[in-house]
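What TrEMBL annotates here:
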DOMAIN    23-150  domain 'CMP/dCMP-type deaminase'
BINDING   Asn64, Val65, Glu66, Asn67, Ala68, Cys69, Tyr70  substrate binding site
BINDING   Cys75, Cys109, Cys112  Zn(2+) binding site
ACT_SITE  Glu77  active site, proton donor
Amino acid sequence: MGDIQIIVGEKDATRVPPYSSQEGIDELIRKSLEAKEFAYCPYSKFRVGAALLTHDGTVFTGCNVENACYNLGICAERTAISKAVSEGFRTFKAIAISSDLNEQFISPCGGCRQFMREFGTQWEVFLSKPDGSYVEMSVEELLPVSFGPEDLKSKKLFTMQNDY
C-alpha cells in the first residue's frame, strides 16, 4: 500500500502518520473507537464505530444508529460509507471497525459486507478490539464469490418476458 496521509475533515488540518505505517493503521482504528462513543443503541446496547479512509486521505467516521422499528437502524460501516458517498467519494482504501467485544474481533454483518462490496473488493478492512489489536482482511476475503455492480453488466443467457 502506498503512503497516504490521513486528513480528518477540511476544518481539521491535523495530519496523522501515513496509512501504510503501523502508526497510521493504529490511528484509523483509534478513530473508529472514538466514533463508537457516539453510537445510539438503546435496544441492543451493542456499540459499533467505523472509520473509512478514502484514497486522498480523508477519513469519514460512522456509528450505529438504532430505531424502535428495528429494521430502520443503520450500521456504523454503512453510516461512514454513506457520509463519504454523499460528499462525492466512490473509492476507498480502508475501513476500521470497532466494538466493545473483548474476546473476539468485531465482524461486519452480511448487509454491511455487501454494502462495502458495492465499492470494490480490493480495499482493506481492519476488525478490531477495544485494546486496539486487529485483524486485517480485504472486502473480497469477507465476502468471497460476491455479487457486484459488474455482474449486472454481464451478458445474460436468456431474457424473461414479464406478462404482469
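Each residue, glycine too, has its Cβ placed from N, Cα and C.
In this view, Cys109 (Zn(2+) binding site) is surrounded by 12 other Cβ atoms within 10 Å of its Cβ, with every protein chain counted. Shown are the recorded positions Glu66, Glu77; of these, the residue with the fewest other Cβ atoms within 10 Å is Glu66. Local packing around the binding-site residues Val65, Ala68, Cys69, Cys75 was summarised as the count of other Cβ atoms within 10 Å of each Cβ; on this measure the leading residue is Cys75. Relative to Cys75 (Zn(2+) binding site), the binding-site residues Asn67, Ala68, Cys69 all have Cα atoms farther than 10 Å away. Spacing of Val65 (substrate binding site) relative to Cys109 (Zn(2+) binding site) is 15 Å (Cα to Cα, whole number).
Taking the centroid of the Cβ atoms of Cys75, Cys109, Cys112 as the Zn(2+) site, the other same-chain residues with Cβ within 8 Å of it are Val48, Ala76, Glu77, Arg78, Pro108, Gly110, Gly111, Arg113, Phe115. Each of the binding-site residues Asn64, Asn67 was ranked by the number of other C-beta atoms within 10 Å, and first place falls to Asn64. In the predicted model, the domain 'CMP/dCMP-type deaminase' (23-150) shows an average pLDDT of 96.
Each of Tyr40, Tyr43, Asn71, Leu72, Gly73, Ile74 belongs to the same chain as Asn64, Val65, Glu66, Asn67, Ala68, Cys69, Tyr70, is absent from that list, and has a C-beta within 8 angstroms of the C-beta centroid marking the substrate site.
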